[in-house]
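For reference, the structure discussed in these notes is given below.
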Amino acid sequence: MSAFIVLGAQWGDEGKGKMTDYLAEEANVVVRFQGGNNAGHTVVVGDKEYKLRLIPSGILYEDKLNVIGNGVVVDPKALFEEIEYLEGVGVKISPEKLIVSDRAQLIMPYHKVLDKLKEKARGKNDIGTTGRGIGPCYTDKFERCGIRVCDLLHEDVFIEKLRENVEMKNAYITKVLGGEALNFDEILDEYLGFAKKLRPFVQDTSVKVYDAIKADKTVLFEGAQGMLLDIDYGTYPYVTSSNTTAGGVSSGSGIGPNMITNAVGITKAYTTRVGKGPFPTELLGETGDWIREKGHEYGVNTGRSRRCGWLDLVIIKTAVRVSGLTSLAVTKIDTLAGLEKIKVCVGYKFNDTVIDYFPASLEDLAECEPIYEEFDGWDDSVADVRSYDELPENVKKYLARISEFTGTRISIVGVGPKRDQTMRIDNL
């Protein structure tokens with residue numbers, strides 16, 4: 001029995017899609033357990049580039065079962081657009097390769113309208129939402145008025161729930177936020193059309209995943225976003241609306257925590273984040289710009305430029321603790337090639353004291369000054385390296401310090417965006 005998790009250990013965009021694709025070769029089942037189509041990732045196989053948002057990365061293999069779990073919020077329109085895109089580039093999609101939980105919450109048109117209007121109303125205090133309705137959908141889930149996939153497949157139930165929601169949301173949209181009312185009949189027609197297309201893919205995915213584990217098949221749980229975007233442990237309120245840490249796996253997939261054997265944390269060799277919020281190691285000058293351009297640090301979904309900075313080991317150590325990471329995968333070693341000196345943060349100066357933890361308060365975090373250790377860089381291009389022994393000595397020293405500080409083995413190193421630019425150096 002083997003069930004392991006792939007999680008982001010930073011603010012997202014660490015290369016989880018690539019690592020999931022790489023590790024999916026060892027898996028029989030790949031499961032998304034949280035988030036929605038707000039988290040895009042790119043997978044490069046040979047000369048082909050695939051951009052995924054909602055569908056698990058295992059879809060690029062012919063023989064893997066891909067699962068959208070109950071913890072995911074599903075926009076049917078986005079799902080079928082992604083299916084159409086994948087089929088257009090030669091990836092076959094069928095209910096034998098992809099299943100969707102009957103317990104997953106549906107993103108509705110009013111969720112997207114609310115997302116954008118509320119963000120506009122926040123003014124300078126906006127939180128940088130993607131506007132895809134993720135937060136409002138999770139809000140409805142916890143207010144117990146959300147519409148689930150199973151509701152969509154029962155037309156009478158769906159009509160009743162949709163009518164109640166549209167009435168309530170229209171009142172709020174028009175009277176409080178100053179927006180235009182949505183048309184009930186238009187939404188109904190559109191979603192009844194989705195119901196017919198979605199029905200063949202719908203199952204009790206918890207049972208399917210449980211049975212796979214019990215049958216000694218290998219299951220990979222694919223996280224979206226990263227630890228610092230977790231609703232509880234992230235830089236709140238500049239976070240997503242779900243649990244991106246290992247704690248979200250059981251509730252988002254219906255599998256007990258005792259069935260999970262390993263958790264791999266993905267980290268870049270440096271740090272990036274999108275949007276607002278404190279960023280202790282951010283590089284605002286030429287070095288930050290150089291990393292951004294060389295690393296192509298722009299969002300898959302939004303195209304927004306990412307803020308770049310030195311690797312913050314306090315963050316990685318926090319991710320190890322919160323998610324019980326058993327190993328780390330370090331990506332984008334190749335991006336740093338060419339820098340004379342490279343720094344890593346090993347603590348913060350705060351109120352005339354030294355701390356080695358990540359503060360909950362954003363105000364406190366904003367006052368933290370990073371304490372750096374400096375390493376010699378590497379001029380060698382590492383993009384063609386395929387074994388640990390061939391890596392430059394300075395890269396090995398850099399990786400050794402990451403492992404030493406976090407108390408965690410490094411199992412995988414990435415030296416480029418392609419599937420074959422990945423080397424396994426230890427067990428997960």
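Glycine too: its Cβ is placed from the backbone N, Cα and C atoms.
Copied from Swiss-Prot, the annotated features are:
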type: ACT_SITE; residues: ASP13; note: active site, proton acceptor
type: ACT_SITE; residues: HIS41; note: active site, proton donor
type: BINDING; residues: 12-18, 40-42, ARG306, 332-334, 414-416; note: GTP binding site
type: BINDING; residues: ASP13, GLY40; note: Mg(2+) binding site
type: BINDING; residues: ASP13, GLU14, GLY15, LYS16, ASN38, ALA39, GLY40, HIS41, THR130, ARG144, GLN225, THR240, ARG304; note: IMP binding site
type: BINDING; residues: VAL300, ASN301, THR302, GLY303, ARG304, SER305, ARG306; note: substrate binding site
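Sequence features, as recorded in Swiss-Prot, placed on the structure.
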{"residue": "ASP13", "record": "active site, proton acceptor", "CB count, 10 Å": "26"}
{"residue": "GLY15", "record": "GTP binding site", "CB count, 10 Å": "25"}
{"residue": "LYS18", "record": "GTP binding site", "CB count, 10 Å": "26"}
{"residue": "GLY40", "record": "Mg(2+) binding site", "CB count, 10 Å": "17"}
{"residue": "GLN225", "record": "IMP binding site", "CB count, 10 Å": "24"}
{"residue": "VAL300", "record": "substrate binding site", "CB count, 10 Å": "14"}
{"residue": "THR302", "record": "substrate binding site", "CB count, 10 Å": "15"}
{"residue": "ARG304", "record": "IMP binding site", "CB count, 10 Å": "13"}
{"residue": "SER305", "record": "substrate binding site", "CB count, 10 Å": "14"}
{"residue": "VAL415", "record": "GTP binding site", "CB count, 10 Å": "26"}
Candidates ASN38, THR42, THR130 (binding-site residues); min other-Cβ count within 10 Å returns THR42
If one looks at the chain holding ILE333 (GTP binding site), which residues at least 6 apart in sequence have a CB under 8 angstroms from its CB? ALA269, VAL382, LEU391, VAL395, VAL413, GLY414, VAL415
Between the Cα atoms of THR130 (IMP binding site) and HIS41 (active site, proton donor), find the distance and write it as a whole number of Å. 15
Quick one: of GLY15, LYS18, ASN38, GLY40, HIS41, GLN225, which recorded positions lie within 10 angstroms of THR302 (substrate binding site), measuring between C-alpha atoms? Sequence order, please. ASN38, GLY40
Among the recorded positions listed here (ASP13, GLY15, VAL300), which has the Cα closest to the Cα of GLY40 (Mg(2+) binding site)? VAL300
Report the largest Cα to Cα distance, in Å and rounded to a whole number, among the residues ASP13, GLU14, GLY15, LYS16, ASN38, ALA39, GLY40, HIS41, THR130, ARG144, GLN225, THR240, ARG304 that the record lists as binding IMP. 34
Quick check on the binding-site residues GLY12, GLY303: which one has the highest count of other Cβ atoms within 10 Å of its Cβ? GLY12
What are the non-local neighbours of ARG306 (substrate binding site), defined as same-chain residues 6+ apart in sequence with CB under 8 A from its CB? ASP13, THR272, ARG273, VAL274, ARG292, GLU297, TYR298, GLY299
Just give me the nearest neighbour of THR42 (GTP binding site) among the binding-site residues GLN225, VAL300, ARG304, SER305, Cα to Cα. VAL300
